[in-house]
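Notes for the one structure printed next.
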Amino acid sequence: MASLCSNSSSTSLKTPFTSSTTCLSSTPTASQLFLHGKRNKTFKVSCKVTNTNGNQDETNSVDRRNVLLGLGGLYGVANAIPLAASAAPTPPPDLSSCNKPKINATTEVPYFCCAPKPDDMSKVPYYKFPSVTKLRIRPPAHALDEAYIAKYNLAISRMKDLDKTQPDNPIGFKQQANIHCAYCNGGYSIDGKVLQVHNSWLFFPFHRWYLYFYERILGSLIDDPTFGLPFWNWDHPKGMRFPPMFDVPGTALYDERRGDQIHNGNGIDLGYFGDQVETTQLQLMTNNLTLMYRQLVTNSPCPLMSLVDLTLFGSTVEDAGTVENIPHSPVHIWVGTRRGSVLPVGKISNGEDMGNFYSAGLDPLFYCHHSNVDRMWNEWKATGGKRTDIQNKDWLNSEFFFYDENGNPFKVRVRDCLDTKKMGYDYHATATPWRNFKPKTKASAGKVNTGSIPPESQVFPLAKLDKAISFSINRPASSRTQQEKNAQEEVLTFNAIKYDNRDYIRFDVFLNVDNNVNANELDKAEFAGSYTSLPHVHRVGDPKHTATATLRLAITELLEDIGLEDEDTIAVTLVPKKGDISIGGVEIKLAIVKLVCVVNLLTLQLNKDRFCYDSVFVCWFVCLFFNFHV
């Protein structure tokens with residue numbers, strides 16, 4: 001088997017808080033991978049002309065529900081795509097109709113953060129990459145020398161100077177921060193629907209383009225076209241602390257609106273959601289590496305979420321990709337001020353700066369954080385298997401609007417940002433120990449007595465997840481052969497997860513443990529994954545502020561590791577970490593090798609139901625892409 005790591009030798013790993021060294025093999029065995037080399041994952045694809053509630057849509061506005069595009073997912077659901085009633089890419093926003101963004105559904109951002117408007121949006125050209133003579137290399141923040149830090153400070157300082165001398169200049173610091181505010185807090189609408197680049201498949205490409213121009217602006221301000229934006233290397237033990245260069249008062253990189261937990265050399269918790277984990281720093285490091293393995297290997301073997309809903313823009317279902325879920329959101333929260341605390345200006349905190357989308361860009365660290373998020377996109381694809389970019393044309397042809405380093409407006413497409421080297425930059429080669437950090441069984445030996453805990457039918461629907469709960473659930477099949485596993489993936493699905501979208505949300509899922517599990521230790525095979533959500537505006541005008549989501553976890557590998565393959569019934573434990581959550585139901589399903597289109601094409605009025613026609617095409621495309629046999 002080919003190595004999944006970027007180097008061929010073993011990685012010598014020092015813990016961030018001790019001088020001890022652990023050797024992590026860079027060439028995992030087949031059992032270390034979620035997608036075993038001989039597996040050929042296949043999925044049932046069902047295309048229905050139904051609305052979100054499963055009823056016939058009287059307006060012929062068709063939902064892309066039940067289109068299965070893969071198990072696990074880096075990108076998330078296409079739930080924020082302004083398509084109206086037919087399939088179409090997301091167009092760039094109309095800057096002339098930008099609304100005042102909101103911190104939440106009722107509170108407006110205290111300043112106007114819409115981008116400067118070009119004279120004529122219809123004449124804004126598509127961006128063309130300049131010729132590349134030398135790649136810009138983005139370095140890890142913890143390894144920068146004093147000269148590089150000084151150059152970085154100078155670039156940010158000059159960017160901030162423009163806020164005073166030319167406040168409407170689109171390359172100024174506040175104007176750059178406003179980009180995230182407008183795109184992420186309800187500033188732009190298309191056909192009456194709020195454009196939201198989070199909790200959707202637009203997350204990675206939007207932020208890549210955002211940082212691309214930001215980096216070029218920094219380089220132009222210091223006359224250095226080779227300047228590379230540093231990345232906060234939080235996925236490696238050496239980078240699991242707050243980068244010191246950002247914590248020097250009086251410098252351009254400093255931001256006073258940050259939480260106290262970043263100081264004193266504290267290690268970052270990549271699963272942080274407002275409460276510090278009571279554990280050792282070494283355990284925190286292993287938790288982080290486990291989370292990275294789960295998010296980039298176990299739960300993201302394919303581009304899109306399992307049983308993915310390619311929904312129309314404006315859906316009430318919100319599903320982020322695995323990396324956006326964790327570690328992206330927890331890092332935002334860990335750096336920002338604690339919600340409800342008092343800010344330096346005397347106002348009550350909404351998580352500013354990093355802990356709220358509208359203000360995140362005001363912290364220079366935001367861009368280094370997202371530089372590493374962007375790097376994860378590359379690292380995920382380098383892991384191999386079916387980890388490739390989406391080929392859906394709606395995604396590839398979706399567009400955004402940005403200003404370049406000269407203040408000129410441009411439109412950009414998703415399809416043009418898939419290769420960083422073609423864009424003119426790359427990342428400094430850095431070890432990725434999480435690739436080999438497959439957790440082992442740590443709970444008590446044997447199977448939990450499922451007869452001593454209630455069945456899922458007596459637990460769900462669950463009105464409030466306010467304490468750890470355990471339940472038993474029947475599997476659709478047990479003692480499956482390897483051939484059956486190759487053809488069908490077992491998926492644990494939590495449906496109708498509801499919560500207030502103004503709150504931080506997290507709960508963890510474990511298999512074969514009871515409700516006394518130590519949920520602060522994640523480096524065990526029994527840990528299946530987590531659901532998280534960062535406060536955001538997804539639907540302006542929703543008085544209930546209620547978000548509805550689904551969590552899907554691939555458990556075939558976990559059942560093998562724990563030794564439960566022959567069991568008809570297994571125990572599942574949920575541990576709430578943050579926020580008020582209700583869950584409608586839970587089930588285990590097998591993803592089946594079969595194409596099922598319940599639409600009768602002979603009765604379609606294609607001029608009215610164009611999307612259903614497109615859906616059938618997508619179904620066939622998926623079959624071809626994943627080597628289905630129909």
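Cβ atoms are placed via backbone N, Cα and C, with glycine included.
Copied from Swiss-Prot, the annotated features are:
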- His180, His198, His207: Cu cation A binding site (BINDING)
- His328, His332, His370: Cu cation B binding site (BINDING)
- Cys98-Cys114: disulfide bond (DISULFID)
- Cys113-Cys181: disulfide bond (DISULFID)
- 1-25: region 'Disordered' (REGION)
- 1-87: transit peptide (TRANSIT)
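Shown on the structure are the features that Swiss-Prot records.
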{"residue": "Cys98", "record": "disulfide bond", "contacts (Cβ under 8 Å, 6+ apart)": "Cys114, Ala115, Ala182, Gly187, Tyr188"}
{"residue": "Cys113", "record": "disulfide bond", "contacts (Cβ under 8 Å, 6+ apart)": "Pro101, Ala177, Asn178, Cys181, Ala182, Asn185, Gly187, Tyr358"}
{"residue": "His180", "record": "Cu cation A binding site", "contacts (Cβ under 8 Å, 6+ apart)": "Tyr210, Phe357, Tyr358, Ala360, Gly361, Phe366"}
{"residue": "His207", "record": "Cu cation A binding site", "contacts (Cβ under 8 Å, 6+ apart)": "Val197, His370, Val373, Asp374"}
{"residue": "His328", "record": "Cu cation B binding site", "contacts (Cβ under 8 Å, 6+ apart)": "His369, Val373"}
{"residue": "His332", "record": "Cu cation B binding site", "contacts (Cβ under 8 Å, 6+ apart)": "Gly351, Met354, Gly355, Ala360, His369, Leu534"}
*asked:* For the Cu cation B site (His328, His332, His370), what does the 8 A shell look like? I mean other same-chain residues with CB within 8 A of the CB centroid.
replied: Glu324, Ser329, Val331, Ala360, Phe366, His369, Val373
*So which one is it: of the disulfide-bonded residues Cys114, Cys181, which has the fewest other Cβ atoms within 10 Å?*
Cys114
*asked:* Other residues near the Cu cation A site, CB within 8 A of the CB centroid of His180, His198, His207?
replied: Tyr183, Cys184, Val197, Phe203, Phe206, Tyr210, Phe357, Ala360, His370
*Inside 10 Å of the Cβ of His198 (Cu cation A binding site), count up the other Cβ atoms and send me the figure.*
25
_Cβ neighbour count (within 10 Å, all chains shown) around His370 (Cu cation B binding site)_ = 24
*Secondary structure of His328 (Cu cation B binding site) (DSSP, helix/strand/coil)*: helix
_Quick check: in three-state DSSP terms, what is His198 (Cu cation A binding site)?_
coil
